[in-house]
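Novice: Have a look at this one before I ask anything.
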Amino acid sequence: MSKNKVLIKYGGNAMQSESLKNEIAQKIKVLHESGFEVLLVHGGGPFINKALELAGIESQFFDGQRHTSAEALVHIERALKGEVNSSLVGLLNNSGLKAVGLSGKDGKLAIAEKRWHTPIAGGEKIDLGQVGDVKSIDTELPERLLKAGYIPVLTCIASDDEGNDYNINADMFAGHMAAALGVDEYILLTDVDGLFENFPDPQSILHTMQLDDIEKMYGNIITGGMIPKLESCEIAIKGGAARATILNGTQPDQITDYLLHKKSIGTTIHK
């Protein structure tokens with residue numbers, strides 16, 4: 001019998017608390033022991049900001065999107081791979097699992113392409129420097145690791161066909177990875193309990209949504225940081241993931257409550 005494949009996108013406040021990081025590692029261990037094949041994709045916004053600040057590199061933003069110079073990318077990659085990824089791999093290994101840290105560059109598991117930004121106000125496209133989109137995914141390496149009982153921990157740096165390196169939005173990277181792997185469950189850990197029709201009224205949480213519902217909600221119900229998360233869900237489901245669920249990463253019990261105990265929590269999106 002094939003195992004259920006779960007991709008967890010991890011970020012936000014849950015990543016900055018050592019106790020929460022430990023709890024999430026324990027939940028991943030429970031999932032693994034319960035027969036799930038688990039992959040982790042992480043971002044690292046606060047760690048990137050700190051690394052650039054220490055390097056004296058000022059960030060320029062266009063409609064909320066960071067311009068990344070070649071110099072900045074060196075520090076971003078160091079923060080994501082050397083600090084965040086290494087820390088998560090260590091935590092999972094210490095919990096008794098076998099974790100492997102990877103970026104999109106390893107085994108060419110992700111090929112990037114340059115991202116150009118179209119300003120909201122209109123006008124010429126803006127060059128964001130070393131910021132990329134996912135062009136293609138090769139699932140062979142993560143699939144082999146999963147079958148051998150490892151937990152792949154992926155960070156969102158990848159190269160293009162010419163060998164130029166790019167930083168990719170972690171939500172987008174995770175969505176493309178979930179699609180290519182055809183995961184049974186794509187879990188996005190955020191800092192809230194899901195998508196609300198009238199935030200923060202707990203009675204207004206939307207527990208289930210269809211893919212077609214999302215387009216109508218951009219700009220009113222889906223705003224700010226939720227926009228890339230829902231776009232990521234769309235990419236995942238349209239590309240082959242069975243469903244996507246937004247859970248609160250600051251409450252790690254939600255992971256096992258949803259996946260193992262089948263509780264109606266968070267927001268689940270399906271076709």
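Keep in mind that glycine also has a Cβ here, set from the backbone N, Cα and C atoms.
Computed from a predicted structure; not experimentally measured.
Feature list, courtesy of TrEMBL:
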{"type": "BINDING", "residues": "GLY44, GLY45, ARG66, ASN167", "note": "substrate binding site"}
{"type": "DOMAIN", "residues": "5-248", "note": "domain 'Aspartate/glutamate/uridylate kinase'"}
{"type": "SITE", "residues": "LYS9", "note": "site 'Transition state stabilizer'"}
{"type": "SITE", "residues": "LYS229", "note": "site 'Transition state stabilizer'"}
Novice: Determine, for the substrate site, the additional residues of the same chain whose CB lies within 8 Å of the mean position of the CB atoms of GLY44, GLY45, ARG66, ASN167; present them in sequence order.
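Specialist: Going along the sequence, the neighbours come out as GLY43, ILE48, ASN49, ILE76, LEU80, ALA170.
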Novice: In whole Å, could you give the widest CA to CA gap in the substrate site formed by GLY44, GLY45, ARG66, ASN167?
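Specialist: Greatest Cα-Cα span of the listed binding residues: 14 Å.
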Novice: Using all protein chains shown, find which of the recorded sites LYS9, LYS229 scores highest when you count other CB atoms within 10 A of its CB.
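Specialist: In terms of Cβ crowding, the pick is LYS9.
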Novice: Rank aside, I only need the closest one: which of the recorded positions LYS9, GLY45, ARG66 has its C-alpha nearest to that of LYS229 (site 'Transition state stabilizer')?
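Specialist: The answer is LYS9.
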Novice: Give the distance between the Cα atoms of LYS9 (site 'Transition state stabilizer') and GLY45 (substrate binding site), rounded to the nearest whole Å.
Specialist: 13
Novice: What three-state secondary structure does DSSP assign to GLY45 (substrate binding site)?
Specialist: helix
Novice: If you draw a 10 Å sphere around the Cβ of GLY45 (substrate binding site), how many other Cβ atoms fall inside it, taking every protein chain shown into account?
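Specialist: GLY45 (substrate binding site): 15 neighbouring Cβ atoms within 10 Å.
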Novice: Just counting, how many other CB atoms are there within 10 A of the CB of ASN167 (substrate binding site)?
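Specialist: Looking across every protein chain shown, the total is 26.
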Novice: Over the domain 'Aspartate/glutamate/uridylate kinase' (5-248), what is the model's mean pLDDT?
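Specialist: Averaged over the domain 'Aspartate/glutamate/uridylate kinase' (5-248), per-residue pLDDT gives 95.
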